[in-house]
Amino acid sequence: MSAAPRNVVVIGHGMVGSRFAEEVVRRDPGGQRVRVTVVGAEPEPAYNRILMPELLSGRLEAEELRLPGGEAPAVTVRTATAATAIDARARRVSLSDGDALDYDELVLATGARATLLPVPGLAQEGGQPAPGVATLRDMADCRRVLSAARPGAPMVVLGGGLLGLETARALTERGARVSVVEPAPHVLPRQIDAAGGEILAAELANLGITCYTGQGAARWLSGYGMELEDGQVVAADAVVVTAGVRAETELARAAGIAVERGVLVDDTLSTADPRIHAIGDCAQHKDGGAGLVQPGWEQAAVLADLLTGTAPNARYSGGRTVARLKVEGVELTSLGDVHADDEAETITLADPPGGRYAKLSVRDDQVVGAILLGFPDAAATIAQLYDSYAPVPQDRLALLLGRSLPETTEQPASGGTGDAVVCYCNGVTRDQLDAAWRDGARTRDDLAATTRATTGCGGCVRDVNALVAAWSERDSGPNDLVEAARA
Ligand SMILES: Cc1cc2nc3c(=O)[nH]c(=O)nc-3n(C[C@H](O)[C@H](O)[C@H](O)COP(=O)(O)OP(=O)(O)OC[C@H]3O[C@@H](n4cnc5c(N)ncnc54)[C@H](O)[C@@H]3O)c2cc1C
């Protein structure tokens, strides 16, 4: 007689908790090995948090953000239900509705929460955002921001990181007049250097976004705007604070599980209690990864391998990440150490009138860092080189200009090596897309349904569209051409 399925409880039905359930179903569709119960504090079923700026801009509707959550007979999802305590000895989780769940294995996927900066006026006494103040982490935040984003409304975004700029751009698309306040000397201090930051700020100004850099916010004056450290007031009806997140670790800490910045996990994604695991933004692995979806999704797959027993030797070992700014009208990719000028051979290209800037740092013939603003083709190639630790061709300038691609590497649209990653969030290679195409996937949506490419941050949509166009042309026979000519 086979053993009863193990009872896995997942706390958090966000991007990683829902992906874990989906990965379990892929490995164990009938639920013979594992039964999963996911509890999620948010009222909505899982959605793609990364695409919330698209909701703000009006380009997507809320339903279009829905994520698959592992719908299957062996998966139960309880939305609007928070876990309130973990009893690790009894292996039981208490819930906000008074119920309790026993577990064989517990998965923490509680994510992170947005932090409000300690700027006077931003928070009310209980720590809640003051009127006119919002963060952007969940749908409730999104609705709050949307209610302030009227055409012509002056708004401030506090924090000029990736999220801040994406939010600012989305709000301008709604017609708001947006200012970004960033205390560092330039926006995107982690992704770009001073010279590139200046060109980027000019590009943002062309899109109607004013950047105030080099000084922080001093006070939020409700009804007036944001007072800066030098005393000037940036007029605003509302402020969106995009100044970082903190891992949601309170439950774990209260249960005696070791926590630093996040819940400490090893390569099997287990805490010191082997029955309790953590994945996604709430987890802290020695090789990093929190804050981005790709490592969280990879962790979800590894943990599903382990808990279903389908790959008992699976391990999470971290990996390289590539940052892309998803702002309509601006193409920016940043990777590795972008301030490596002193320790690496560095080549830069600046074209302020064209709004373009490129910087490539190479050590021992390998990419150690790159900033590519307005160089989408070079960005795709250099990201590939970085990801695969491949040698950089001798003619660095030609590489930046997209004229000399390494022998084994071409632009994704025209070919490219099969193992080149196209969708970083889901780790989908060109070979996998090609195989799906040959199996009959003929549109971007078909390819997304088969491979998951484009379903993460959306940064690869352009590349996948280009592949669809190139392959359609390649495969269109004489009859298709006649049909196309008639159409
Ligand atoms: C606007 C925005 C843009 C982003 N852009 C990018 C991007 O371009 N690229 C990228 O890689 N990443 C991006 N991110 C980050 C990405 O969204 C996160 O890395 C990802 O969501 C992490 O998934 P998670 O499941 O760990 O956490 P979350 O998605 O935050 O999910 C955690 C869930 O757990 C729930 N929860 C917490 N505590 C409890 C409890 N006690 N009981 C029950 N449920 C609980 C929360 O309510 C939440 O629903 C962006 C984030 C935002 C907000």
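Including glycine, each Cβ sits where the backbone N, Cα and C put it.
Those TrEMBL annotations? Automatic predictions, nothing curated.
Database features (TrEMBL):
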DOMAIN    7-299  domain 'FAD/NAD(P)-binding'
DOMAIN    323-375  domain 'NADH-rubredoxin oxidoreductase C-terminal'
DOMAIN    421-469  domain 'BFD-like [2Fe-2S]-binding'
Report the DSSP secondary-structure composition of the domain 'NADH-rubredoxin oxidoreductase C-terminal' (323-375) as helix, strand and coil residue counts.
0 helix, 35 strand, 18 coil
Taken over the domain 'FAD/NAD(P)-binding' (7-299), the model's mean pLDDT:
95
Residues in the domain 'BFD-like [2Fe-2S]-binding' (421-469) grouped by DSSP into helix, strand and remaining coil:
26 helix, 5 strand, 18 coil
